[in-house]
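Colleague: Before I ask anything, let me first share the structure, which is written out below as structure tokens.
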Amino acid sequence: MRTKYIFITGGVLSSLGKGLAAASIAAVLECRGLRVTNQKLDPYINVDPGTMSPFQHGEVFVTDDGAETDLDLGHYERFTSTRMGKSNNLTTGQVYFSVITKERRGDYLGKTVQVIPHITNEIKDYIRQSSEGFDVALIEIGGTVGDIESLPFLEAIRQFRNEVGKQNAIFIHLTWVPFIKTAGEVKTKPTQHSVKALREIGIQPDILLCRTEEFLSEDIKAKIALFCNVEEAAVFTAKDVSCIYEVPLIYHREGLDQKIVDLLNIWTGQPHLEAWENVVQKITSPSYEVNIAIVGKYVNLTDSYKSLNEALVHGGIGNDCQVNLRFVDSEKIEKDGLNHQLENVDGILVPGGFGNRGIEGMIQVIRYARENKVPFFGICLGMQMAVVEFARHVCGLEKANSSEFDENTPHPVIDLLPEQKAVQEMGASMRLGSYPCRLSDASLACEAYGEVEIGERHRHRYEFNRDYQERLEACGLRITGRSPDGRLVEIVEIKDHPWFLGCQFHPEFKSRPTEPHPLFQRFIEAALRYRKKRAEDQ
């Protein structure tokens, strides 16, 4: 079957949920038996988001092949079975870098290099190459219609549609239909203007997805269709939901997937959505609940930990349990102490991060978890700080630290990877992507995975310093995961604790609602046991 293309744009304002919409459409189409892939075209000039602040961009999602990408690729992976990679995220920076490199090589044979056709051709070539081997490719255009940065991408997809034909490519426009409480009615004018801006650059949407609080009436749909030059049957409600995994089911009930396959002339059966129905049922009607504290430095923007938050929810699904997340700023703990911030918490998770801000607060929290037998899960920086805390307060190495935060520490229990010492550039220069890990028998990690050889994704420069391995192991630290050559420490645990585990990798990137990651599933299971014990002791 020839590849079909679905281009998804957004209007009126940002953060409408284009990524979630693209992922949900892909999920329903995959449930119809189609091979799907997603692409994200980002209009910023950065080559990738790897060096961008989490407060500006949110999470950096790492793929198996080591790409640092937009967080929407995390949505794509969680909603479909397709693994994302470097070819699934294109930025303006990458486009211009490639075109300028070709110009310097002489590929354009002396021509004047321009946005049209050279930049737009580069974008179109990328779309084609990244879609090979799939039945349907969903391409999300970042930003909002009207942004000057998005114009080359919009022009490229306009040309692309003309080249492949209307039965092989469609445009879906996600827009906002606000409900004005004082007037008691929904307003369609923002949508009208958004579509008008899109049509002015030559793109006529085939389908409108209207983000709103409640389902739109037939009268409102008819009005939108009239002013936006689409048929009434092509106006769909993208209703606000409390559970994002309900979105594929809502889209199917609205008939969106049927409309798409009709427009693209795809013959498929009805989708098998039982797995999604089961996920939603377990999230909305759980038998148990736990409170998990996420202690980090980017908690003021929860998108900074998007995959982490979702992986904890997945762990709850695997235990028929609602997971209540409590975000705790580690920098505030440094200033004010614990101050009841961990009261009634059933598990503590310290996630990854960079820089020394808030690390002493993390160490206080880890000590609390260790001494009070609270289930603890440390990821990347969280694992490193667990090692520092153990070295200081159990092994008596009072000034132990990571050389990232104190170059003059007498005990650098966490140190720079040897291959990183000569690295000068920041972008895409860390230990990135999937690496194998060998687990020790009779460990929490091996018990969770059920195997001794695993592969997980990494994003770090610093590692456990093996010069301190013997000293820390003598005090009760267990190294239960190593690289196959034994050179790098990947997982640590401690003796005499019900569940205390730190890993150097990022397991959250491989968790799905239909396949919860084993470490998150076991962490939530341990939190449930702790909650039950806490209730019995009261």
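One is the number of the first residue shown, and numbering goes on along the chain from there.
Cβ coordinates come from backbone N, Cα and C, glycine included.
Because the structure is a prediction, the values reported are computed rather than measured.
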Colleague: Which of G353, G355, G486 does Swiss-Prot put in the same L-glutamine site as L381, G382, M383, Q384, E404, R461?
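Modeller: Given L381, G382, M383, Q384, E404, R461 bind L-glutamine in Swiss-Prot, the matching entry from G353, G355, G486 is G353.
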Colleague: Given Swiss-Prot annotates S15, L16, G17, K18, G19, L20, K239, D240, V241 as ATP-binding, which of D72, D303, D320 belongs to that site as well?
Modeller: D72
Colleague: With S14, D147, I148, E149, K187, T188, K189, P190, T191, Q192 listed by Swiss-Prot as CTP-binding, which of these, K102, K111, K223, is given for the same site?
Modeller: K223
Colleague: About how far apart, in whole Å, are the alpha carbons (Cα) of S14 (CTP binding site) and D72 (ATP binding site)?
Modeller: 13
Colleague: Between C-alpha atoms, which of these binding-site residues comes nearest to K187 (CTP binding site): G19, D72, D240?
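Modeller: Minimum Cα distance from K187 (CTP binding site) across G19, D72, D240 lands on D240.
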Colleague: Cα within 10 Å of T188 (UTP binding site) is the criterion; apply it to the binding-site residues S15, G17, G19, D72, D240 and give the hits in sequence order.
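Modeller: Those near T188 (UTP binding site) - Cα within 10 Å - do not exist; the answer is none.
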Colleague: Do you know offhand how many angstrom separate E140 (Mg(2+) binding site) and K189 (CTP binding site) by C-alpha?
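Modeller: E140 (Mg(2+) binding site) to K189 (CTP binding site), Cα-Cα distance: 24 Å.
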Colleague: So of G17, G19, which of the binding-site residues has the fewest other Cβ atoms within 10 Å around its own Cβ?
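Modeller: Counting other Cβ atoms within 10 Å of each of the binding-site residues G17, G19 gives the minimum at G17.
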Colleague: Based on Cα distances to K223 (CTP binding site), point out the closest of the binding-site residues G19, Q192, D240.
Modeller: Q192
